[in-house]
Every structure is written in structure tokens, then in C-alpha cells.
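Copied over from TrEMBL:
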TRANSMEM  16-33  transmembrane segment
TRANSMEM  45-67  transmembrane segment
TRANSMEM  79-98  transmembrane segment
TRANSMEM  143-167  transmembrane segment
TRANSMEM  216-236  transmembrane segment
TRANSMEM  287-307  transmembrane segment
TRANSMEM  313-336  transmembrane segment
Amino acid sequence: MLQSEMFQLFPKCEQLQIAMFFITIQGNFPSILKNKPNLKTIYQAYSYFLLIYFIIFNITVYIKFVLLLNEAPIDFTELFLNLTMNFYFTVTIWKTLIFKRSVFQQMIDDIILWEKTILASNDHTLKGIYNYYVRQTKIGSRIYILFVIVGGMLFNFHPLGFESIIINNNNSTSLKRPLPLSSWFPWDEQKYYSLSYTFHILDVTMASLFMASTETLSYAITIYLLGQIVIFNSILSNFQLYCWKIQDQLKVDYENAIFLTLRECVKKHNEIIKQIKIFNREMKNAILYDFLQSSMGLAAGVLNLIYFDVTPFKLMFFGTFICGAFVRILVSYWYANEIIVQSSNMLTSLWNSTWYDEPEKTKKIKYLMMLVCSRPLYIDIGPFTNMSLQTLIRIVKATYSYMTLIYKSKN
């Protein structure tokens, strides 16, 4: 009975399966309790408690950054660690706030409804395309989550592999023991080291949850949009076949079947454009910040390996972080680039759909569709550019530039 009720609360959706698990724990999926107002109120309070805690923690990271800059001499190991953290945590909080908006909650509901519709159909071609991109979503999400879990464990235990620092204060010396993270405490972190360490373990867990939920949901939506475009291309390429299906199902003449099929294609195309516009409108500024900080975060991670004595543990710790950070952006930019490629194929699919044999009325509509489809669809990076493999290469180049600049300035 209890198990059945849980399944009713948690909708079945393969595309969002991994993302729903994390956003539910994070408290970012209130629609599962829309018919239970009392539980929904408690759930939303829990959600805001986690978010406020994470925001306060991120503020302490920035406070620590300012304090580190004012130290003499500057502890560059902790400074670079702090830099790698505050950039990623800030963009994670930003994305979390965006995904809380009703427009994304509606998009999640639309994805769930679309999956039910497509899997209930008898079209094995479209189901095959949809299931292929579901698998792509799961693969990308699982790889990233693996890095988050391993990275979180290494953050928790990396103080065991780092040496304590001896600090000379006039005639006295003190020992500064490393902590999992770099954040400010309203107490002496060395005096109450166990308490500080415990809070950092909690902070690492919280950060891992938020990063996993935002990125897996972002992957799921991006790859869903890509799958929609590929499905639409398949329909256009086999336009005549779908006309025959409409003719058989609705018992209309072939000319009306062509018009009805084309009308549904126009609706689907407009729906895809609308969804991408909504995603761009809500996410483009956060993606811009992510684009700018990704190179700095990667550079800070690599500089930790360049500047300081590298032990096997440090190599594993920073190597895992660098690989995880790169995988995070690689998955995002790879599938965003595929959206450009596949949306560019819409025009070819239309051209190959025997439009020249169709009635004049549908020819004119297809001409208009060709004009619209001649402009590829993009995931925007602010008002300046779009996500593609070319912009991913720019991030790598900027990472090298930051590393060179900091390396030369320090030497």
C-alpha cells in the first residue's frame, strides 16, 4: 500500500529518472505533492531551508577568499581551492533558483506527458529515437554523478593527504591543519577543528546534492530538446508515410491528409522553438556566468598541480576535480552543439519530403517552413554567443591564458 502510494507520488519518466531523484531530495520538485497541500507546504519549507543553508555557506566561502587575500604570506594552495569552489557553487545556486520557477516545473510536466504519449504510440521509429536519447541522458548523467561522488569523497578525506602548515607568529608557532573546504567560520577553526571538519562534511554533501541535481536536470532538458528535433526531422523525412497514416486513421482524402499532417508539423515545430526560447530566456545569463567561470575554475585546479609539490594523493584529488569539471561542460556543450547540427538538418528533411508533388496550398506552407528552418536553433550564452564545440574550445584556450597569466605574475 505504502509502496503503491510512493509510485503515485513519483511519476514514471525515463528521461527525467535520474534528475527527478536528485531534485526531489533537493526539494525542487513540488509538483509530486500538488494534490497534498499540507505535505507540499512542509516540502517547500524543507526546500528553502536547504537552499538558504547552501547560500549562507557560499557567502562564507567568499568571506574566506577575502581573508586569504589579506594574509601574509598568501596561502596559494587554499586560495586556488577556494577559487575552484566559489565559482561552481555560485552558478549552482543560480541554476537552482532558476529551476524553481514555474516555467521549468511546467516543462518537467510537459516532458513527462510527452514520454507517456510517445511510448504509448505504435510508431517504433519515433520510440527508438526517443529511447536512444533517454540512454544518452542517463549515460551523461551517470558519468557526471560518478565524478561528483568520487570528488565529494576526496574533498572529505583530502586533509589526510595534505600536510599541516607551520605558522610563525613573532616568538610563537602554531600548526594550521587543512580542512575539506575553504570557508569562514565564526569561531577559531583550528581550536574547534573537529566541529569545523564536521560542518565541512555536511557542506560537501550539500554541495554535491545541489550540483548533481542542477546538472542532471540541465542535461535531461537539453537532450530532450535535441531528441524532439531529431524526431521532428524523422517525421519530415517520412512525410508521405505519415500522410498515409493520417488518411487511414481519419478516413479523409489524401489532399486533406497532407494538409492535416503539415498542420501538426507546424505545431510541433513551433512548440520546439517555444521550448528552446523559454530555456534561453531563463538560462542564458546563468550560462554566460558559467561560461566565464569555467575557464577560471579549470585554471585554478590545474595551477594547484603546477605550483606545488605533487603527491599521489594530490594528483588524484586535483586530477579528479579537473576531469569532473571538464566532463560537466563537455556534456553540456556537446549536446548543445548537436542541437545546432540537427536543427540545421530540418531544411534538408523538408526538401527531401517530395514537397514538389503536393497541392499548391501545402507547398506555400512548406516554403514558409523552409524559411524558418533555414535558421538553426541555439542554446544561448547571454546575448553574445551560443553553446557549441567552438565555444568549448574557447573555454580551453581561456583556461590556458589564465594559467599563463597567473604563472608569469607569480614568478
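Note that the numbers count up from 1, one per residue, in the order the chain is shown.
Positions of Cβ are set from backbone N, Cα and C atoms, glycine also.
Predicted automatically and left uncurated, TrEMBL annotations should be read as such.
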Item checked: Winner by Cβ pairs under 8 Å against the transmembrane segment (16-33), considering only 45-67, 79-98, 216-236, 313-336 -> 216-236
Checklist line | Long-range Cβ neighbours of the transmembrane segment (79-98) (under 8 Å; 6 or more residues past either end) | finding: 26, 28, 51, 54-55, 57-58, 61-62, 64-65, 68-69, 104, 181-182, 207, 210-211, 213-214, 218, 282-283, 286, 289-290, 293-294, 296-297, 300-301, 303-304, 307, 321, 325
Margin query: Counting only residues 6 or more past its boundaries, what in the same chain has a CB within less than 8 Å of a CB in the transmembrane segment (287-307)?
Written below: 76-77, 80-81, 83-84, 87-88, 90-91, 94, 314-315, 318-319, 321-322, 325-326, 329, 379-382, 384, 387, 391, 395-396, 398-403, 406-407, 410
